[in-house]
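> My questions will all concern the structure given below.
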Amino acid sequence: MVYSVGLTGNIASGKSTVAEFFSELGINVIYADKIAKELTSKNTPCYQDIISHFGSSVVLNNGELDRKRIRDIIFSNSNERLWLESLLHPVIREKIEEQLIACTSPYCLIEIPLLFNKHHYPYLQKVLLVIAPLESQLDRIVKRDHCTKKQALAILATQPNLEQRLEAADDVLINESGLSELKAKVNKLHQKYLREAKIKQ
């Protein structure tokens, strides 16, 4: 199987931008969140399980899941979050493996927001952690989710702590300056992963 790097980091740390930069360099990127969205689309087995568990209050008028409502529930109740993770994570891991087999680039990047235990993903060779200053994260969440700073802090409070993240990480990318500096850091890591994957340019 292709050499693979797990990309992770807390919400609003800049993971998606980092993933885009790797993609621009010709690297296949697999998005765990995108897979999760497909797995929970209308009338899928996971969709039915979620409705059976949470009830009709999590369904919009068009029959789709009310993802904001579900997010509010799991951010305020750790048991509900664990239930949802135990439903989705095994299936997500399976789908990631299927996409890895089809990967055509020298190595593959897998964006997994909640990755803090590499053992759950035996096909990962490396874990790349993106971290950003707290204020930057809060600003991004407030702008993206149109929420208050207090709500943004509550969202961040549900994320794995930095110590856990660092323990699982092989490489750490600090996103604290502009995009050009971030791009330069990605370029450096790209060269490193090419070497590690034993691929000559």
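Here the Cβ of each residue, glycine as well, is placed from N, Cα and C on the backbone.
Okay, so Swiss-Prot annotates it like this:
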BINDING   Ala12, Ser13, Gly14, Lys15, Ser16, Thr17  ATP binding site
DOMAIN    4-201  domain 'DPCK'
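If you look at the structure here, what lies around each of the features I listed?
In sequence order, Glu111 are the residues of the chain that are 6 or more apart from Ser16 (ATP binding site) and have a CB within less than 8 Å of its CB.
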> Using DSSP with the three-state reduction, classify Ser16 (ATP binding site) as helix, strand or coil.
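Once the DSSP labels are grouped into three classes, Ser16 (ATP binding site) ends up as helix.
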